[in-house]
Amino acid sequence: MSKVKIGELINTLVNEVEAIDASDRPQGDKTKRIKAAAARYKNALFNDKRKFRGKGLQKRITANTFNAYMSRARKRFDDKLHHSFDKNINKLSEKYPLYSEELSSWLSMPTANIRQHMSSLQSKLKEIMPLAEELSNVRIGSKGSDAKIARLIKKYPDWSFALSDLNSDDWKERRDYLYKLFQQGSALLEELHQLKVNHEVLYHLQLSPAERTSIQQRWADVLREKKRNVVVIDYPTYMQSIYDILNNPATLFSLNTRSGMAPLAFALAAVSGRRMIEIMFQGEFAVSGKYTVNFSGQAKKRSEDKSVTRTIYTLCEAKLFVELLTELRSCSAASDFDEVVKGYGKDDTRSENGRINAILAKAFNPWVKSFFGDDRRVYKDSRAIYARIAYEMFFRVDPRWKNVDEDVFFMEILGHDDENTQLHYKQFKLANFSRTWRPEVGDENTRLVALQKLDDEMPGFARGDAGVRLHETVKQLVEQDPSAKITNSTLRAFKFSPTMISRYLEFAADALGQFVGENGQWQLKIETPAIVLPDEESVETIDEPDDESQDDELDEDEIELDEGGGDEPTEEEGPEEHQPTALKPVFKPAKNNGDGTYKIEFEYDGKHYAWSGPADSPMAAMRSAWETYYS
């Protein structure tokens with residue numbers, strides 16, 4: 001067994017194809033050699049029946065991962081055109097002179113722009129048949145035709161240049177010209193379907209029908225599981241937790257580390273529904289309304305112009321969203337992204353987005369799991385939850401959606417081109433949703449209120465007024481700091497009797513919201529309501545492919561491949577022993593008290609633990625909390 005780097009495999013393929021292109025062989029021979037080079041790459045990863053048979057199949061990557069690594073290789077040829085492209089475009093220009101100007105302009109464009117223009121032209125030509133049918137019902141040149149043509153112009157804006165001329169005095173000539181456009185355009189559409197734009201190798205770096213069917217079946221299984229394993233989110237608790245993050249001063253976040261960015265980055269994704277890469281690096285946002293922003297820079301759009309703008313909702317005030325996003329992106333932990341996107345060298349074949357996602361997913365997802373109190377949850381769940389909240393909040397009341405159904409709403413609000421993709425974003429349901437819900441500002445000091453209810457019981461607590469004075473001191477401390485932990489050492493500083501202090505802390509424990517931890521020290525009892533409501537039956541984690549393309553999710557740049565032949569199973573070799581998963585503590589987000597101390601809560605082995613004390617950073621506080629109970 002040896003490690004073969006994906007980057008090396010891809011670079012080998014690229015070098016081989018470039019050498020073939022530069023050779024003086026006949027084009028037919030070049031095509032055969034390019035096809036063979038693509039086959040060698042596919043065999044090294046997945047298709048070699050000698051390598052991947054018997055027990056060797058256990059070492060083979062999944063079909064979905066194979067497709068993702070194929071996508072990486074294809075992206076290396078994205079800027080290269082097919083060897084016959086120029087010749088075929090010239091032929092089409094001569095054959096369809098009414099479209100010659102558009103077609104000829106492609107010859108001077110970058111490959112990405114050619115794809116965009118070709119896609120736009122195909123969309124325009126697909127409108128010919130329905131437009132021609134509607135136009136046949138219009139008596140061009142009659143008195144009532146102007147209004148009908150105006151409606152057609154509004155419905156088919158790409159054809160306005162020709163439709164508007166039908167209202168002129170020479171409408172007969174313009175009508176005949178339009179029909180010629182229709183005639184040539186219909187034939188051109190058929191030929192554009194056959195036009196090869198991409199480099200020849202891309203037509204061989206494709207999945208076989210069986211492999212594609214396998215992936216499609218997996219997607220269907222995932223969708224079926226999602227629709228039968230919905231996750232219920234307590235709306236008020238979830239949104240209150242998000243607002244608590246957004247309303248905290250940025251100074252309380254440790255924005256000098258990757259993991260320290262997680263709370264604010266997740267909260268901004270939660271209120272905008274944008275992907276991690278769009279929040280942290282690629283997206284551009286401008287306030288367009290109190291709860292709307294203009295968004296450009298959608299990820300996973302191969303042929304879309306990055307300047308395309310969408311109007312999306314924000315679940316907090318748009319101005320606050322943009323301000324916090326600017327603050328997050330300007331922090332020290334995000335200052336090296338321009339270097340990160342360059343990768344670690346020529347063998348780093350991940351996309352720029354994939355390189356950033358790789359470092360951020362590892363830093364953010366552990367915090368997300370602790371935020372939800374659910375190991376099944378990951379950062380990108382914020383996108384589906386946002387879509388559900390936005391639907392409940394805006395779909396029925398915003399006139400923008402009055403003529404469309406919910407599938408179109410989900411598709412547009414998430415920026416999808418395919419209406420089927422949004423089906424994967426409906427796993428989450430909301431409990432206790434209300435459009436009139438507003439976040440609590442947290443002004444009420446509940447601990448102080450509970451202590452005040454004990455006032456009448458204090459005069460007889462100790463001799464004289466000692467009990468009353470002790471009680472008043474505690475109330476003052478809690479009034480100054482509602483989250484203060486009151487301990488024996490806290491009250492000894494005020495010269496009260498240690499015996500009376502111990503009695504008082506036990507007596508007022510419920511009012512103070514404190515308990516004695518396993519270390520014998522007083523700890524704050526912080527009861528955070530569950531965000532994910534429990535299911536009646538346990539729901540297993542759904543191992544799913546990504547919603548569109550997995551390439552950006554794959555941060556591994558090497559896999560292990562067996563250099564020799566596939567191993568046949570032998571009687572001596574038994575199945576691998578299953579290793580039990582090691583228990584890991586699940587921490588809730590560290591709470592910075594603002595005085596150099598932190599509050600830490602975590603779950604371990606089915607038990608809840610709490611700790612409070614001084615620490616230099618949230619991570620140090622978590623380490624101290626762990627070592628307090630498990631040194």
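Heads up, the Cβ atoms here are built off N, Cα and C, so glycines get one too.
The annotation DNA binding site is assigned in Swiss-Prot to Arg275, Lys300, Arg383, His416 on the grounds of similarity to another entry. The DSSP secondary structure for His416 (DNA binding site) is coil.
Tyr425 (active site, nucleophile): 23 other CB atoms within 10 A of its CB, across all protein chains. Among the features that Swiss-Prot reports, active site, nucleophile is placed at Tyr425, with the record citing similarity to another entry.
According to Swiss-Prot, the feature region 'Disordered' maps to 533-592.
The annotation compositional bias 'Acidic residues' is assigned in Swiss-Prot to 534-575.
If you take the C-beta of Arg275 (DNA binding site) and look for same-chain residues 6 or more apart in sequence within under 8 angstroms, you find Ala269, Ala299, Lys300, Lys380, Arg383.
For Tyr425 (active site, nucleophile) paired with His416 (DNA binding site), the C-alpha to C-alpha distance reads 11 Å. When secondary structure is read from DSSP and collapsed to three states, Arg383 (DNA binding site) falls in the helix class. In the three-state DSSP scheme, Arg275 (DNA binding site) is classed as coil.
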